[in-house]
Amino acid sequence: MKTSSLSTRLGLMVSLMGAGLVLLLATLAFLVLDHELEKMARKSLENKMELIQHSLTMNLNTREIATRNHPLPDLVMGHDNFYLTIVGPSPTAEVLLSIGTKVQEPLMTDFTASETLAYLTWADGRGNQQLGASRLMRLRSGENVRVLLTRDRTDDQALLSAYLRSTLFVLPLLLLLIGLGAWWLVQRGLAPLKQFSHVAAKVTTQDLTHRLAVNNLPKELAELAQSFNVMLDRLDAGVQQLSQFSDDLAHELRAPLTNLMGKTQVTLSRARPPEDYKAVLESNIEEFERLARIVYDMLFLAQVGHPSARASFTTVSLAQEAERVMELFALSAEEKHLSLTLSGNAQVQGDRLMIQRALSNLLSNAIRHSPEGGCIPLRVEACANTVSLSVSNAGPGIDAHHLPHVFERFYRADSSRARTEGGTGLGLAIVQSIMTLHQGLADVHSQPGGFTLFRLVFPRPCGAPTDTTPATPARSAMSKK
Amino acid sequence: MRILVVEDEQKTADYLQQGLTESGYVVDCAASGIDGLHLARQHSYELVILDVNLPNTDGWGVLEQLRRDGNQRVMMLTARGRLADKIKGLDMGADDYLVKPFEFPELLARVRTLLRRSEHIPLPEVLRVSDLELDPRRHRAYRGNRRIDLTTKEFALLHVLMRQSGEVMTRTQIISLVWDMNFDCDTNVVEVSISRLRAKVDDQSEVKLIHTIRGVGYVLEARQ
């Protein structure tokens, strides 16, 4: 029952609810009908009794009653379901008048009566319901008589039972109809969901192009379909990126592997002096290092992508970390007669090692691309909601059509260059992953032939004091020599 | 000193055995966790180098058994570099944890450090190699009678090389020890620093002390 279909369940529930309601209504109608019929019966009895009283008090004495020469029979005779009995006051008194009664019921003579109108009900020998009204009435002659006017309620009973019968007969049909109707309505209402399962069944990692048609859907489902489509879009992009990535990775690994295999095979093809073998091994180790670096970077990217990497976050002073990284690059900069400067400071929440790493990747790029004798300023700036650290350098710049792709894995604007200089093509991808982990972003601005500026934007740590201290005078790494 | 290498990949076991033997250790190899445990119970090894990915009983199981048996030092080798794995290894009582691919000199350095932990040889106050002298406390260095003028980083670099005299230091190790950067950075700082240090230390002397081992790293020693 737990797993039965939604439409069956809804159909069942609606018919149960309908059954309850219809039963309630039918019962209510029965009770009201019963009550109203009884009220009408009593009312008519009361009216008749008044007329009888009137006739009795106006004209008659005990003897005259029996003669039937009076209007009483007319009062009763016209209606075949009335019975009138008039009896003397004492319990054993004889019956003075009995109209309409075919069978004398004992109760019809043996009844008590008082000055006020009293009603009594009983069933006669054949089980028919009777309603009687009794009263003690005074004749003109001053004698008292007991009067009982009875109404046979067989007709009312018949009406009620006919009602009951028809209701009980129709009710199951009605309920069936309600249930089927509900089931059909729910089926119809849920029909668009079929589209969902239809599309979901077709989606695989090879084919993520299927989308739900949103136009014909009801509003509630349209939203769901919309998010479903957006999810598919994201999955599609992710899967494509992933397959592109493994393509690129295989390609990147192929180059060093080809070198290694080729060189080793050539070397082994004939006997050589030991120095030659040594030279080959030494050259091999450089290729191995390249392979190892790619593997390390890949591992790092996989780790950074995992949210648990956020566990080691502490408060990090950007200027302090920048200074340490600048120290590391001071000599490389000096070789190219570059000056590294640092200004500003701010604190962020982050992983020290990762921030160092991101910065080191940016700085090594800047040094690589800067012309001799230039200047590479590092700036830490605190804005309203963000803290940014920028590294800029003069140089050839990056073409506008490369800019959107520079953070992609293995993307190289200049494919021949970086590889010979030892890069893995993952440096900026690592920068971006690190910034994503820090819930910030990395961006780049570049003018060909002008300045290239890379920026790490961190969210401002909540509760941090607004750092309005004017930029500290530019510190130079070279002056620390 | 006796070392047990538990590693199922034959090539890895071979070069570990060769490298460690050439560095003066006695090395036994086991190709499975069960063999490893058996050997570890028969001999007393100063150090067990244990691969995580082993047939039958894996490295974790062997580590657990070793810890139950005694207090042998254990270095775990693994291809899994996740933080959770490292923590698991250290929590289970491993003394060190090295992720593949690793550089052999780093493994050697760590082995030395682990084995030195118990001996605790105090470093001499003044380091001496041939006629090169370094006094860390007074921050001075001499080659023979000539005083060498060094920057802070050059001094730190020379200190690292002299302290581990005779051992090859890789670029990564040097960056970690001198610049305190514990990741692979794309910089030629070590090459530049070494060439400057060499100019100050070796250029004016007959005997060269700083040697480049191409593809591996740098070593400071007096060679005949």
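Heads up, the Cβ atoms here are built off N, Cα and C, so glycines get one too.
Note that the structure is predicted; figures quoted are calculated from it, not measured.
Record features (TrEMBL):
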type: DOMAIN; residues: B:2-115; note: domain 'Response regulatory'
type: MOD_RES; residues: B:ASP51; note: 4-aspartylphosphate
type: DOMAIN; residues: B:124-222; note: domain 'OmpR/PhoB-type'
type: DNA_BIND; residues: B:124-222; note: DNA-binding region
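Using DSSP to sort the residues of the domain 'OmpR/PhoB-type' (B:124-222) gives these counts of helix, strand and coil: 34 helix, 23 strand, 42 coil.
According to its DSSP assignment, B:ASP51 (4-aspartylphosphate) is in a strand. Across the domain 'Response regulatory' (B:2-115), DSSP helix (H, G, I), strand (E, B) and coil residues number 55 helix, 25 strand, 34 coil. Counting every protein chain shown, the number of other Cβ atoms lying within 10 Å of the Cβ of B:ASP51 (4-aspartylphosphate) is 25.
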